[in-house]
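As given in Swiss-Prot:
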BINDING   L8, S9, G10, G11, L12, D13, S14, A15, T16, V17, L18  ATP binding site
BINDING   C188, C198, C201, C204  Zn(2+) binding site
Amino acid sequence: MVKAVVLLSGGLDSATVLAIARQQGYECYALSVSYGQRHGAELAAAKNLARSLGATAHKIIQVDLSTFGGSALIDKEREIPTDGVTPGIPSTYVPARNTIMLSIALAWAEVLGSGDIFIGVNAIDYSGYPDCRPEYIEAFETMANVATKAGIEGTRLAIHAPLMNLSKAEIIKRGGVLGVDYSMTVSCYQADDAGLACGVCDSCRLRRAGFESADVPDVTRYHAGFRQTPAS
């Protein structure tokens with residue numbers, strides 16, 4: 001069986017990607033990164049999802065980006081925006097996060113003898129992050145094939161982004177067919193330690209709208225004080 005490293009945050013998108021990679025016949029090695037995010041619920045969800053979705057192994061790597069700050073996701077002094085998606089790069093963008101995660105995944109893939117890395121970036125229902133675009137993935141793949149022993153020796157490395165051109169509704173439908181239990185996932189930027197979602201941050205809004213558009217019941221676990229209304 002061909003091995004693949006799958007970046008697994010614990011959220012809806014990455015869980016779907018793990019299910020897709022498994023469905024495609026890969027032996028999946030799930031990789032999560034503790035980068036100084038506000039809560040541990042996402043990583044706890046990743047552990048459970050790796051087990052539920054049949055990953056062969058799961059590693060959590062520590063890289064504390066909160067030392068630098070620069071993002072509302074890792075700096076608790078900055079507020080998480082709750083006014084909906086706005087033009088431009090949002091304050092929740094974490095500088096170089098995907099580049100760092102993909103680099104770590106690349107290192108593990110080389111050790112495993114794997115030529116395949118999966119990541120759940122999306123260019124349709126995304127929040128304006130520059131490292132979620134097709135040209136970014138293409139550029140990283142080019143770099144990977146120049147900068148690694150495997151690439152130089154002729155084993156081509158591929159970065160798979162199967163959600164790139166899917167809407168959130170399409171992602172949810174795809175995951176549903178593959179048996180992903182979305183109640184196990186945590187997408188909220190400011191979830192509590194139990195993984196309960198705020199319902200109003202950009203990530204929650206996109207997720208809620210996705211369930212609505214897919215006409216699928218929203219199984220997200222919200223804070224008791226959140227009154228669910230149409231997201232669209």
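Indices start at 1 and increase along the chain as displayed.
Backbone N, Cα and C define each Cβ position, glycine as well.
Sequence-distant neighbours of L18 (ATP binding site) (same chain, 6+ residues apart, CB-CB distance under 8 A): V6, L8, C28, A30, L49, A50, L53, A55, F118.
Burial estimate for the binding-site residues (C188, C198): highest at C188, by number of other CB atoms within 10 Å. Apart from the site residues C188, C198, C201, C204, the chain places the Cβ of I80, T82, S187, Y189, Q190, A191, A197, G199, V200, D202, S203, R205 no farther than 8 Å from the centroid of the site's Cβ atoms, the recorded Zn(2+) location. Excluding the listed site residues L8, S9, G10, G11, L12, D13, S14, A15, T16, V17, L18, the same chain places A46, L49, G120, T185 with Cβ atoms within 8 Å of the centre of the ATP site Cβ atoms. Mapped onto three states, the DSSP output places T16 (ATP binding site) in helix. Sequence-distant contacts of C201 (Zn(2+) binding site), defined by Cβ-Cβ distance under 8 angstroms and a gap of at least six in the same chain, are I80, P81, T82, T92, C188, Y189, Q190. A separation of roughly 15 Å, to the nearest angstrom, links the Cα atoms of L12 (ATP binding site) and C198 (Zn(2+) binding site).
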